[in-house]
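Notes follow once the structure below has been shown.
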Amino acid sequence: MKGVKLHVKVIALLLAVFGAASVAWQIFAQNIPVSAEITEPVWVIDTRISFSPRENMPVKIKQYLPPSWSRFITLDESFIARNYGVNVDTQGNNRVALWSARRTSGNQELFYRLMLTQRSNTRLSSEEPGPVFRDSPQLSGVEAVAVDALLKPIREHSADIETFIREAIKLINDNSNDNARLLLGNNYSEQSRAAVLERLLSSAHIPVEQVHTLRLSDTAQQTPELWMRSYNGQRWLYFNPQTGAQGLPEDRIVWWTGNDPMIQVDGVRNLKVQISSRQRIVNSIELTQSLSESRGMSGWSMAMYSLPLQTQQTFNFVLMIPVGVLLILLLRNIVGLQTLGTFTPVLIGLAFHETGVIWGVLFFTVISCLGLALRSYLEHLHLQLLSRLSTVLTFVVIMMALISVLGHQLGMKHSLSIGLFPMVILTMSIERLSIAWEERGGLHSMKLGLGTLVAATLAHLMMSYSPWVYFIFTFPGTLLVLMAIMLALGHYRGYRLTELFRFKAMAN
Amino acid sequence: MSLFSTWRSLRKRGVMGINRRNSDYVLRYNPRHLFPLVDDKITTKMRAIEAGIHVPPLIGIIDSEKQIGQFDQLVANHRDFVIKPAQGAGGDGITVIADRFEGYYRTTSGRLMSSEEIEFQLSGILSGIYSLGGHRDRALIEYRVKPDPVFSAISYEGVPDIRIIVLQGYPVLAMLRLPTRQSNGKANLHQGAIGVGVDLATGITLDGTWHNKKIQKHPDTVNPVRGVQLPYWDGFISLATRCYELTGLGYLGVDMVLDKDMGPLMLELNARPGLNIQIANDVGLAARCKVVEKEIERLNKAGVTTASPEQRLAFCQREFATLTESFSQNTAESAS
């Protein structure tokens, strides 16, 4: 006996641990949301390129695309254009799309859409490529002198690469500095400052490159923001060439690197580029679902969702039955509630799913009462068990049809769902109620009926509580934990709640 | 009293709950394959007759629709008899015919039943409305027990019966069940009969229980239930003790009656006896079972694997003598 108890404890513990581990794996390793209510933002970035082609000239457009190692996970990427071929390629650290068409006429529009989740993509961002080495430019004459003059104070004021670059940015942006002015050559644009900075730093053997970034914010029109970056041997350091601020803010994505503009065209005039980004709120579980499809996540992480939709709906129902069963187990063995049949309340509770609790209880009561009346009349006819049961069953079906028709004509839509009531269960309930009435009296059978209704209502409420339905459907490992509880309850030997009242006379 | 303190106090007194009974006693001591032996009253009766245990004589068995038609011939020689479903539980479906009148059968409550009504009752039994699993059953027609007048002062109609709970052949608790007006002459506690505790050593009744309450008087006759000496007590208790060898079931409720002419008779056996016997005796069943289990363990260590029924009986009558205990307590109290 003791060995068996230990056995059960070990099995229950194993089941609980295994179930909990599978749930934990799904939540923490696979990032599956614990509630269907959880939403998260998704960024939709649209690039619209419009232009008019030159007569009889093939169109070739080269567009930089955000790299695949972005800090955010790409959900979807689409290229939309009529009669254009698109090729995606990599050039150095950049990803490039080549749009091409042999013959076009009229205004042309090309669309590129990118959808990003804000989920961090730690695994992929570590794949960010290192620098491509370039030769330092050969400077001569005045420029060489100006560069040397600038580098001297920078060297004095800096301690390492980071401070060196920040100091350099500060000097380039200082419009009163003659040396800087000379290098910029009266061109104070952002582009020119960046180019000078690049030249200056490479003379000091610190290679930097331009990065073009996009801010993820709800804006209809934005232009890529220019940043500079330098590789310190382990990772990229980002600098804002205007302010000297270091570190790319969280809401930026790198779009492309290098000195080229985002779009390079051939055979085109009136080029216009419009970039807009907007935030969309999506349901986390839907997001996870589409991610797992597109990224080929482990098939077990969302096992139930891989079923056909119809089957999923069925299992939404079926997987909740153990919850109802566990409730009945608790009600009967711990509370001591008396019900008709063992799992009858669960089945009636399932029927409540369609009718709702109030109508369900009403239907159950009405049909049971009518059935009991018929049953007590049939008693006088001295029928055999099977033909009596069949008669009551047919009567129950007729009553259900009648209630449906009457309800429909009165405009009560709830009455239609009565057809889902389990009629065989109802018939057996009527028979059992009737026998209980005869043998143990009306009070006892009322108690049984009421107990059944209470259990059915509770079972229904628990089985249809949508956060639980979601949780169990998404994390089926929960069922193992439920099983562990059931097993453990199998050796519960304490009093039932109702027994405390039953044996009250003995307690003193 | 809070629920928690009720729990603790019940626990302290060794009161057995349903969960404990099912897992620690029924499941542990009663192998499932032996259940049919007690679930079918006909099998029990046959076994008992073979073992020389007295039972109400069998008049006949009806196990097919064809035999229902021959019912009148079957009982032609008997004015009174009892019809029982062989696998009925808790006294359900039992009809007691006390007399005949102009071709009708008269039940103990005075109702007249025609042959057709009896036949309907029989066909109901055969189709299994009273059987535990709802499957086909047999009807059993047997001798109607005539209650001994010793109970008439504390009983209302019907036949009082004696229930003794036997653990591994050791009788642990006994109870006299008395029908009431409310129970329609049936000796079933669920239906409103009263249960009266019985001192194992002497067979003298103690206080009783009715609807989970403790009572001192019979609700119909208003006579006190305490202090009645049951006749043939040694016969009853040794009969119950021997039922362990008869069935092999380690946890057993033995139901017996006292017939005016035939003496102690074994009526039926129950593999899941009810728990209200504890209230009737005001004694926890688990507490007594523990004493017996300890004794069995002690004997096993001493190398005795099977104690004889006489030894077991003697042990229980010595250990569980309620009256002498309270007498000695009373005298101790009065002395101090």
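For all residues, glycine too, the Cβ spot is worked out from N, Cα and C.
The model shown is predicted, which means the values in this text are computed figures rather than measured ones.
If you look up TrEMBL, you'll see A:25-186 marked as domain 'Inactive transglutaminase fused to 7 transmembrane helices'.
The annotation domain '7 transmembrane helices usually fused to an inactive transglutaminase' is assigned in TrEMBL to A:261-506.
Marked as transmembrane segment by TrEMBL: A:314-330 (among others).
Residues 348, 351-352, 388, 391-392, 395-396, 399-400, 403, 414-415, 417-418, 421, 426-427, 429-431, 433-434, 437, 449, 453, 456-457, 460 of the same chain, all 6+ positions outside the transmembrane segment (A:358-378), place their C-beta atoms under 8 angstroms from a C-beta of that stretch. Annotation source TrEMBL lists transmembrane segment at A:358-378 (among others).
Per TrEMBL, transmembrane segment is recorded for A:385-406 (among others). Panel annotation: around the transmembrane segment (A:385-406), residues 363, 366-367, 370-371, 374-375, 378, 415-416, 418-419, 421, 423-424, 426-428, 430-431 of the same chain, lying at least six beyond its termini, place a Cβ under 8 Å from a Cβ of the stretch.
Per TrEMBL, the feature transmembrane segment maps to A:412-430 (among others). Proximity of distant same-chain residues to the transmembrane segment (A:412-430), defined by a Cβ-Cβ separation under 8 Å and at least 6 residues beyond the stretch ends, is recorded for 340-341, 344, 347-348, 350-351, 354-356, 359, 363-364, 367-368, 371-372, 375, 389, 392-393, 396-397, 400-401, 403-404, 406, 449, 452.
Positions annotated as transmembrane segment by TrEMBL: A:442-462 (among others). Sequence-distant contacts of the transmembrane segment (A:442-462) (same chain, six or more residues past either end, CB-CB distance under 8 Å): 320, 323-324, 327-328, 331, 337-341, 344-346, 348-350, 352-353, 357, 360-361, 364-365, 368, 429, 432-434, 436, 468.
Annotation comment: TrEMBL describes A:468-492 (among others) as transmembrane segment.
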Folded-back contacts onto the transmembrane segment (A:314-330), same chain, C-beta under 8 angstroms, at least six residues removed: 304, 307, 339, 342-343, 345-346, 349-350, 353, 455, 458-460, 462-464, 468-469, 472-473, 476, 479, 482-483, 485-486, 489
